[in-house]
Amino acid sequence: MVNINELPENILLELFTHVPAPQLLRNCRLVCSLWRDLIDVMTLWKRKSLREGFVTKDRDEPVDDWKIFYILCSLQRNLLRNPCAEENLRSWRIDSNGGDEWKVESLPGDHGTSFPDTKVKKYFVTSYGMCLKSQMVDLKAEGYSEKLLDTVRPDIVVKDWFAPRADCGCTYHLRVQLASADYIVLASFEPPPVTIEQWNDASWQEISHTFSNYPPGVRHILFQHGGKDTQFWKGWYGPRVTNSSIIVSHRTAKNPAPARTLPEEDTSNRRKILSFGSWEDLSP
């Protein structure tokens with residue numbers, strides 16, 4: 001009877017390409033030194049990436065670590081739940097519910113335009129008082145280990161889409177923060193509010209930001225957006241938002257700009273997320 005370890009290494013590698021990654025790393029790698037060494041070979045993880053469609057053979061961009069690349073591709077998905085209002089306001093925390101409060105409408109809506117992606121059918125709409133909603137993403141609960149987050153520090157790509165009504169001006173707000181296990185803010189993206197005047201083209205606009213080279217210790221992501229109309233009209237005339245996303249991805253930028261971080265020596269900037277809508281100073 002032939003021992004499996006007597007098979008040529010290329011045959012063993014081919015067998016391993018069909019074994020799920022968790023079993024390879026948690027079980028197979030512990031069997032013997034031969035299996036451990038083969039499972040650590042980058043060729044195996046490149047083959048698995050090709051087999052599962054994470055990459056094509058004609059890829060020009062180099063990959064530093066195929067195992068990390070494969071793991072990140074396996075986990076990659078939108079970490080925000082109900083981004084397109086298909087489940088009304090489910091999964092969102094309402095931080096501010098001004099005017100006539102948040103509402104869900106179907107595209108294109110009154111005095112609106114179609115969304116670029118035809119699969120998106122609905123949007124959230126704000127009113128004449130400030131409307132803000134948010135989600136908190138727990139990265140460990142989503143499958144990202146502390147070691148992966150702290151040593152690899154993969155890119156965190158945040159995107160949001162917003163649009164005004166053609167007949168009413170509005171102001172749109174976005175805030176995204178990376179926080180530690182105890183909710184200390186380590187990096188943030190909070191662009192100036194976008195104000196759009198009345199009698200506009202009602203077009204959908206995308207806003208995007210990539211967190212790269214952020215400090216170690218990131219465990220949570222706070223995503224908050226919303227706004228209000230600028231004319232204080234009763235009803236739902238404020239900015240419309242939909243198709244929001246947070247995706248953790250393999251770093252692709254060759255020289256990515258570092259994330260905006262809060263310096264440790266500046267204790268006045270060390271803030272803790274107490275709730276999705278309020279902040280507390282942690283300095284003595």
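Cβ coordinates come from backbone N, Cα and C, glycine included.
Keep in mind that what you see is a predicted model, and the values were worked out from it rather than measured.
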Going by Swiss-Prot, point out which residue in SER49, SER134, SER203, SER275 is annotated as phosphoserine.
SER275
Residue from SER145, SER188, SER244, SER278 to which Swiss-Prot assigns phosphoserine:
SER278
Set of same-chain residues at least 6 away whose C-beta sits under 8 angstroms from SER249 (phosphoserine):
LEU72, GLN76, PRO154, ASP155, ILE156, VAL157
Summary of DSSP states over the domain 'F-box' (1-48), given as helix, strand and coil counts:
34 helix, 0 strand, 14 coil
Given the model, what does the mean pLDDT over the domain 'F-box' (1-48) come out as?
88
When DSSP states are folded down to helix, strand and coil, where does SER249 (phosphoserine) land?
strand
